[in-house]
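Okay, structure first, notes after.
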Amino acid sequence: LVLSLAWLGPALGDEEKDGEVVAEEEKEKEEDEVPSDEIKEEDNVLVLHEHNFARALSEHQLLLVEFYAPWCGHCQQLAPAYTQAATELRNESSPARLGKVDATAQTGLANEFNITSYPTLKLFRNGNRTHPLPYTGIMDKQGIVRWMQRRAGPSATLLHDTDTANAFANSQDLVVIGFFKDLKGKAAQAFYEVAFEMVDMLFGVAEAAELFQAYGLSDDTVCLFKKFDERQTNFPVDLEQGLDTAELIRLLRVHSLRLVTEFNNETSNQIFSANIPHHMLLFLNKSSSEQLSLQDGFKAAAGTFRGEVLFVVVDVNGYGADVLSFFGMTPADAPTLRLVKMENNRKYQMEQDSFSDTAIRAFIQAVLDGKLKPHLLSAEPPEDWDTRPVKVLVGKTFEQVAFDETKNVFVKFYAPWCSHCQAMAPAWEELGERYKDHKDIVIAEMDATANELENITIHGFPTLHYFPAGPGRKMVEYKSARDVETFSKFLENGGMLPVEPPVVTKTPGNSTGKEDPSVLGTGETRDEL
């Protein structure tokens, strides 16, 4: 529900110098600089490069390395949390250390470890250079520290007797205990892997017969203990297929959430990491006692769809105020209900005749059975939308323009906050000017955050689609360079780029100080995710 803002700082070049002077300076620099494996630190983060990387691996049993780009907005956002995590781990004398590599300068390392986006974090264990583990934790200080601590120590605490197990099960709101008759068996080892990943939960393990009896178990079972809703939830291990780690993680995520979860800063990550395909949202004003009472019917309906539909309460005047625009709503629309299909962000609106559990169940089942159509957002078109060089499309005008069989229509789908979209805007306006009098070519744009289409889902910004003239409702996604000349070649060649002979370059890599459009594609692999 929440969109992250990304930004890029321009790469500024030095003033030009005389060629001979530059050559002489470079020669002196090369003579002065002798490659060294010395490891320097910045705020307890190891500064790594091609000459000291091997030494760092040999000296540190657990080394988490961030591969970053200086211009990357998300890297800059992560930097304070990363240094704070490095300091905390250093202060507690943990064997885990953090390092960083400027992947734009250390291209050899970037290529070796297949770095394609920034920031990318990889964990190197026991000096192993060939099989680093991808970082799977939360991108904040606490998330990094917990993730590294779990890998530095035992992932699950061994429980020997009933008193110890009971105290452990009551020590936190969420506790997971694996009961295994053989702690060296495959099922127990798979359980330890799950414990490594789910660093936000406390894990214990037991094999004593008295503990199986105390908790009413006869076979290998994973138990989730909660201080809310049902106290104990059992997940028996399949005797034939064993323990499926992915499925256990999914079940623990699903059942660790309350039947009804309030959307706030503490729960937002849980909500989206639960991997539940549908979210049912009750938007209300928590300052209204009348609206608060609607939660009773909402909660009563939740148990029926556990694991399939996540029930969430959103306070329109609190933390949830920021997501209202995503639904085309204002606080005055509360109370209201929406169901979201997470795979494509399709939203379904329930008629507010009744907020009873019966009505809510019937509405959800109708959506799951495919009997209801989604509620699509559409802004109002500007009065001059079709007289501008770049036509301004909205949801309700898109069909008539994009699928006009007499026109070839080139559409930019953008987000107002997207830095890549902002950088491309002048080129798109120039393209519109170039073709504004062309009889069968239309240049258009649509704000994809304020408008939705039934059969087209936009996953990244900007996304460019070409709709050729003629029958068949065809659509071609444009994935090449974002400049006026390449756009024009694409249009003049009927929606495809002409085949040109390969260009031999003398200098490898991209030395312009700008992002390579062919690498960025739709803007998803760099800094807009």
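Glycine is treated like the rest: Cβ placed from N, Cα and C.
As annotated by TrEMBL, region 'Disordered' applies to 15-38 (among others).
The domain 'Thioredoxin' annotation in TrEMBL covers 28-167 (among others). Residues of the domain 'Thioredoxin' (28-167) grouped by DSSP class, helix first, strand second and coil last, total 55 helix, 30 strand, 55 coil.
Counting Cβ atoms from all protein chains shown, CYS72 (disulfide bond) has 22 others lying within 10 Å of its own Cβ. What TrEMBL lists as disulfide bond is CYS72-CYS75 (among others).
The feature domain 'Thioredoxin' is assigned by TrEMBL to 353-496 (among others).
What TrEMBL lists as disulfide bond is CYS418-CYS421 (among others). Residue environment of CYS421 (disulfide bond) contains 23 other Cβ atoms, counted within 10 Å of its Cβ in all protein chains.
Residues annotated as region 'Disordered' in TrEMBL: 498-529 (among others).
If you average pLDDT over the domain 'Thioredoxin' (28-167) in this model, you get 92. The two recorded residues, CYS75 (disulfide bond) and CYS418 (disulfide bond), have Cα atoms 16 Å apart. Here CYS418 (disulfide bond) is positioned 14 angstrom away from CYS72 (disulfide bond), judged by their C-alpha atoms.
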